[in-house]
Amino acid sequence: MSIKIPSTITTVLLDIEGTVCPITFVKEGLFPYFLNKLPSVLAAEKFPLQASNSTISSILVDFPEETKNDADTLEAHIKSLVKNDIKEKTLKSLQGLVWQGGYDSGEIKAPLYPDAISSIKKWNSEGKDVLIYSSGSVKAQKLLFGHVDVNGVSTDMNGLLKGYFDITTSGYKFEKESYSNILKDLNKEGKNVLFLSDNVKEVRAAMEAGMFSLVAVRDGNAEISEHDKQDLQLVDDFTQIDI
């Protein structure tokens with residue numbers, strides 16, 4: 001079944017987890033990897049934390065003052081943020097740095113859906129701008145797309161992407177204003193942009209900003225209510241999207 005998209009669309013804006021890759025990759029792959037590495041990361045720092053030229057220290061000092069007196073307190077704070085899936089800017093920066101080590105060593109490869117890979121290539125070849133908007137940092141986004149698992153081989157797909165947005169560049173993903181900020185940055189109107197996400201709140205926020213938006217349906221994603229199924233357009237295979 002083909003999903004017809006307005007002819008005004010020139011740009012595709014993609015969420016990551018639950019949209020182009022399984023939501024389990026983050027929750028069962030990246031998060032545990034980060035937590036396993038966290039004790040050794042903190043053990044290498046001097047407490048109480050102070051600003052220094054160290055890349056790690058320059059990130060850690062941005063955590064709340066009361067958490068920075070010793071490694072155990074800071075570790076407990078960071079673990080709490082991860083456990084509760086808090087989209088906190090300092091945490092995202094730290095995760096991105098730790099994940100970089102995993103990608104560089106080959107311990108981590110991103111399992112993108114085959115239809116997402118083929119569609120990104122197709123849209124790019126047809127002259128569409130493909131961009132990413134994720135709560136994960138731009139650095140983490142580039143790492144993920146720089147190490148995509150294509151038939152067991154780590155493959156760099158960043159050359160197919162025209163740009164990246166995160167909560168520091170554009171705002172939180174449930175807010176209409178964030179999508180308006182992206183449109184402003186792109187110098188585009190809402191009618192020019194297709195946004196794909198597994199999260200109905202994000203889809204609605206994008207639509208409020210004037211974008212055309214579809215809900216990505218993937219195994220393991222949150223259940224979509226009957227109301228949302230009636231009210232929003234769904235897609236479970238990006239090759240169905242006819243731009």
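Cβ coordinates come from backbone N, Cα and C, glycine included.
Any TrEMBL annotation is an automated prediction that lacks curation.
Other Cβ atoms within 10 Å of the Cβ of Asp198 (Mg(2+) binding site), summed over all protein chains shown, number 21. Residues annotated as Mg(2+) binding site in TrEMBL: Asp15, Glu17, Asp198.
The DSSP secondary structure for Lys173 (substrate binding site) is coil. Annotation comment: TrEMBL describes Ser134, Ser135, Lys173 as substrate binding site.
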Inter-residue C-alpha distance, Glu17 (Mg(2+) binding site) and Ser134 (substrate binding site) (nearest angstrom): 8
Shell of the Mg(2+) site beyond Asp15, Glu17, Asp198, same chain only (C-beta within 8 angstroms of their C-beta centre): Ile16, Gly18, Thr19, Val20, Ile23, Ser134, Ser197, Asn199, Ala216, Asn221
